[in-house]
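**Student:** So Swiss-Prot says this about it:
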- MET1: N-acetylmethionine (MOD_RES)
- HIS53, PHE237, ASP239, ASP314, TYR315, ASP319: queuine binding site (BINDING)
- ASP239: active site, nucleophile or transition state stabilizer (ACT_SITE)
Amino acid sequence: MDGLLTPRESAKFIAENSRDVFIDDGGVRRVAELLLAKATGPELRIEGWKAIHELNPRGTDEAAVNWVFVTDTLNFSFWSESDEYKCQVGFGGKTYSGYWSLCAAVNRALDEGIPITSASYYATVTLDEVRHILRSDTDVPMPLIEERHRILNETGKILLEKFGGSFLNCVQKSDKSAQKLLHLVVENFPSYRDVTQFEGKRISFYKRAQILVADTWSVLEGKGDGCFKDISSITMFADYRLPQVLVYLGALKYSNELLEKLLKGEMLFYGNRQEVEIRGCSVWCVELIRDCLLELIEKKGEKTTGEINSILLDYYLWDYARDHREDMKGIPFHHTRCIYY
C-alpha cells in the first residue's frame, strides 16, 4: 500500500485540487442544520439499519454476516439507462429496484433453497445459475451479470481458501479494528480494490470495502465481533447517488462544463478526472458536514444516542435521496459503469 492515500486523505487531496467540482461552505452548514433535527432521533442510530430496511437480516449471527458479505461483494452499478425501464425484483409482496433489487434477489434465492450466501456454493456457481438468481421481474436485466458471476466465483474461492468459507472468520481476524478489517478485505479480495490515480498520486475510495465494514458493524449492532473501536475512521461511500443529493442540498456544485456533460447523460469512465473529482469532493463534503454537525450538537448541548459518524450520515443521505427521487429529477447523477460502485 506504499504511497497510497487513504480514502480520507484522497478526498481531502482531490477537494484541494478540483477543477470542476466545488464544496459550498454555506451548503455544508445548511445540510448540518437539517441533520441536527435528526441527531437525537432513530435516523442517525446504528439500529436504523435493521429497523428502517426490511430486507436486511434481523440476526447477528454468522449467517447474517455472510449475507452482508455476498450483497456487498455484488454492491455495484444498479443505475438504469432510463427511469421508466429498470431492473425490478419482487419479494415479500413488494417490488424493489437499485441496490434493494439485489437484496430482494438474494432473499428470494434463500427462500427458494438456493444457498447463495454460502461460499462453497457461489465459488462454483454457473453463469446460468447467477442469471436465474438475479433475474429481473421486468425485461431489463440487472447490469453486469457476467462480472457479477466472475466476482462471485473469485471471491468464493478466496473465502474458502483463506477464511474457511466464512466472512465472520475474516471479521474475527481484525481484532475489532475497522481499519484492519478494511485492509484484510482489500488485500485479499481483488474486486474490492477501488484505487486509481489523481494529479500524480495513488488514491483510494474503497467504496465497497468501506460499506462492507460499515454493514458488518451494523448487522452486528456494534457489539461483540462488530465492536470496532475505530469505526469513525470510515468515510462516506463514494457512489453515484450521494453526489446527486449533495448537489440537490446545495453542499456540492459542478462547473457548467461538467453539468452540461451530466445533463446529456455522457458516460464518465472509472478513473476519469471529473469522475474522481465528483467522488472525492463528495467524500470530503460529508466529512465537513459531520464536523459541522458535531459542532452544532456541542453548541446546543444535545444528547445523542451514540456517536455520529460518516457511516450514519451516508445511510441517512442515501435514504433521503431515495425518498426525494422525484424532487431530485432535475439533478443529474454521473454515469459510470464499473464494479467498484
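These residue numbers are counts, starting from 1, taken along the chain as shown.
Using the three backbone atoms N, Cα and C, a Cβ is placed for every residue, glycine included.
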**Student:** Within 10 Å of the Cβ of ASP314 (queuine binding site), how many other Cβ atoms can you find? Include all protein chains, please.
**Tutor:** 25
**Student:** Do any residues at least six apart in sequence from ASP239 (queuine binding site), in the same chain, have a Cβ closer than 8 Å to its Cβ, and if so which, in order?
**Tutor:** LYS207, ARG279, TYR341
**Student:** State the three-class DSSP label for HIS53 (queuine binding site), counting H, G and I as helix, E and B as strand, and everything else as coil.
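**Tutor:** The residue in question, HIS53 (queuine binding site), is coil (DSSP, three-state).
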**Student:** Which has the fewest other Cβ atoms within 10 Å: PHE237, TYR315, the binding-site residues listed?
**Tutor:** TYR315
